[in-house]
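Working notes for the structure below.
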Amino acid sequence: MAGSALRRLMAEYKQLTLNPPEGIIAGPVNEENFFEWEALIMGPENTCFEGGVFPARLAFPPDYPLNPPKMKFTCELFHPNIYPDGRVCISILHAPGDDPMGYESSAERWSPVQSVEKILLSVVSMLAEPNDESAANVDAAKTWRENRMKFEEIAAKTVRKSLGI
Amino acid sequence: MPVILLERIPLPSLRTYTSLSVVLLSCAVFYAYQCVLAFQTNPHNSDLNGAGIEHNVNIGNSKEISDILNDPDVVKEPLPSEFDIQLPYESFWWNVVYVLTSEIWCIWTVVNTAYCCLILLAKLIQKAVFGELRVVEKQHLKDKFWNFLFYKFIFIFGVMNVQTMEEVFVWVAWFSFLGFFHLLTQLSKDRFEYLSFSPTTPRLMHMKLLSLLGFILFSCMVLLCACTYIGLHAGITIFAFMAAECLILAIRCLHVLGSVKRYVIHLYEMNVDGVWENRSIYIYYTELIFELSAISIDFGHHLHMLLWGNIFLSMASLVICMQLRFLFYEFKRRLNRHQNYRRVVKNIEARFPMATEEEIKDHNDNCAVCWERMESSRKLPCGHLFHNACLLSWLEQDTSCPTCRMSLSEGPQGDPNGNVPDETGDARPNVPHPPHPPANPQTTNHFFHFDGSRYVSWLPSFSVEVTHTQLLPHGGTRLPALQTSQLDNMARQVLSVFPHMPVNLVTEDLRNTRSVDFTIENILEGRLEAPPPGTLVTRAAIGDSESEEEPENQQLLLPSVISQTGAMALAENLYQEQNDRPSYIDDNIPLLEENRREEITEPVAGPSTFGGRFSKSTNEREEMLSDRKNSMLEMARKKYLGKTSSNQGDLNCEEESGIKNNILHTQTSTEEYLRRPDYTQTEDSLRDNTQTPDSLRDYTQTEDSLRDYAHTSTEDPLRRRELHYKAAQRRFNGETQL
């Protein structure tokens, strides 16, 4: 029920505020609704996304720690594991029951011991190392595999755009 | 889409409607007044027959319903015409009322007024309790309203088969009240769900919601009394119909009331986990009883309608059957869930003992599910501790330890529940995937695949697979799988992607996986290996997406692999070079940044930028969060600009388009001149540099900055850097606009 989910989200918010991991800021968009968060993720260093600040939305289900939140980048991001509409495709965000691509072992999927912090950290590492075998954006995966220069060029543009300059 | 059509009808606003109703009502009253006046001044007809017929003004009042249901003759008697009026009462105003309720258009006016009042009351409640409605709530209300209207229409005209206007009238009045309360309950439920998403809702809001629900409940009771009264006169069937509706409403209301109350208690008083945990079972069962009883009453109600209404072969029966079916499945689903719950509870109690005090002390950590302190907990075989309730709700949907993913399923007998994932076998940690996806050797399969998109793009693709499980053990001898055309077809598909794979290997794997995708995946992951040159070539083939026709051409692929890796190495080199930027610029960046920081004079305080404090006040927290976000963005921006300006000084990173190259060119030349002692030549040489029309714009920009530069003291290196930085920024602005 929503009560325990709320308390858990509060605890996570507190932890993320007190000890924020580097390059990650997350919190409720509006405290009237604790189940809708916004996160800012810094592009990891020494990758083509370095320097960018990418905003994303996290929507939590009412039974939160039992089911994963949904994550969606609100900026344009050309990446093999991000759908063109911004949804993030990583195994940690997949509910234990469903398996959209049909290849993950359940060990990689959501479990209540995961947290917003872990999700965001995995997203950062996903940005650093795209997994082109389970592509959500086929174009991006193809470009990543075949034309790395072009991919980096697009990424550089994205970074600039994300900074608003 | 009747609803959409209905939405397009230009309904008058509430204000117009109200004023219209008021005008109509006053017309009717005036008319009645005139009638009575005329009658009394001209009393040749004053044959007052106080026949003792009681009439009530209030439409929808239970008394009137009973009257009409009781002896329809009262209303069926022909209404007196205007000049033939017979006034039953002595009192003047009672006579006015009598006229109002006997003249047909006056009745309609009064009814209209009653609805207007109801709508106004609804508006008032909405304003007082809910305030502005959210979009979701509005949508739910709308859906619920039309749904209600539809079913009640079916009920009145399909099931009750009413004949006279008066009967319709009475039923409509009844359902108006019922619908009104249903909608309010729905609204309270939605609002409560929303409120429970926030820890900071004011206490007043909860109180309002609770009192509204109490009011609805009270009204329910009144309605129930009314329908008992009517039932006594009109028969058990009518009573059953009405009472069922009332009961459903009451149960829904109680349900919401219960959850609100629980939530409020939870929020304000329940800080002790232990008590809460023990109550979770009680809560579960109350929920279950509420849900099941609401569904079963609804089911009985519809069944009653179907059987009583004598409507077996009509549209109405179809609608009711659909509803019955839906309710049945809902009931079944709920029961299944409950069975699963019971099974999990039993399982937990049998297999996972409560942790002892010492174990909890040793564990010395919060529950990993709810992140709260553990007073009592269950211990899993893998040694992890969780709250009883947390473990229960997780195991309802999965069968592994949340922390280490150790399988907790009940072993050989398996679990009868379908929705629990059955891949617990490979859920153990650190166990690599089995070489083949699990395939039951003792099955024969019929696999049908329809690829619709091959014919028309919007047709779906689907596969149907029928599996016959052999119950008798075959002693390890495996049935030869059928070499169907289906299999061949799939093999051909796989081979079109991986031409170098031997056909028999692919076919063999397909027999196991029964899916092209799985086999392709197996090949990709290296579980299915081709004879050398092996997987590297496979990957290259995928990477270059060149489908080689002949397997003999494999050797040709290798150069492309090399070239690809070569390119990667090159890219990496570039990266390296970008990272080892010349030091003379790097050294200056911090200075520049500091300089800018002073200029902008950021109001953001140091500690709030990097967290470290969790304020108790909501507003402050929100403010701090947005501050932190802004400062992060600002920092990233600065860092980026600093980096790019330094990068542009570096000739090595000319990897952008032609325009960019031009910019770089001008840029480097300016930079060179900046380093020179005499700046007088700068403009001339810049002109030399920028004769191409493409770069004229950039040139003018640079020129501006140089002019700025000329005006400032040439001695100040910091200022020089800053100008340079500004020029870079301007250039970038121009470029992003491009």
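Glycine is no exception: its Cβ is also placed from the backbone N, Cα and C atoms.
Per TrEMBL, transmembrane segment is recorded for B:20-39, B:92-125, B:145-162, B:168-188, B:209-232, B:238-260, B:305-328. Marked as domain 'RING-type' by TrEMBL: B:367-405. According to TrEMBL, the region 'Disordered' annotation covers B:407-442, B:662-721. Here TrEMBL flags B:431-440 as compositional bias 'Pro residues'. Among the features that TrEMBL reports, domain 'CUE' is placed at B:486-528. According to TrEMBL, the feature compositional bias 'Polar residues' maps to B:662-671, B:679-703. Residues or ranges marked as compositional bias 'Basic and acidic residues' by TrEMBL: B:704-720.
By the Cβ criterion (distance under 8 Å, sequence gap of 6 or more), the transmembrane segment (B:92-125) is not counted as touching the transmembrane segment (B:145-162), fewer than 3 such pairs being found. Predicted-model confidence for the domain 'CUE' (B:486-528) is 73, expressed as mean pLDDT.
Per-stretch counts of Cβ pairs under 8 Å to the transmembrane segment (B:305-328) identify B:145-162 as the leading one among B:20-39, B:145-162, B:168-188, B:209-232, B:238-260.
Per-class residue totals from DSSP over the domain 'CUE' (B:486-528), listed helix then strand then coil: 32 helix, 0 strand, 11 coil. Secondary structure of the domain 'RING-type' (B:367-405) per DSSP (helix as H, G, I; strand as E, B; remaining residues coil): 8 helix, 5 strand, 26 coil.
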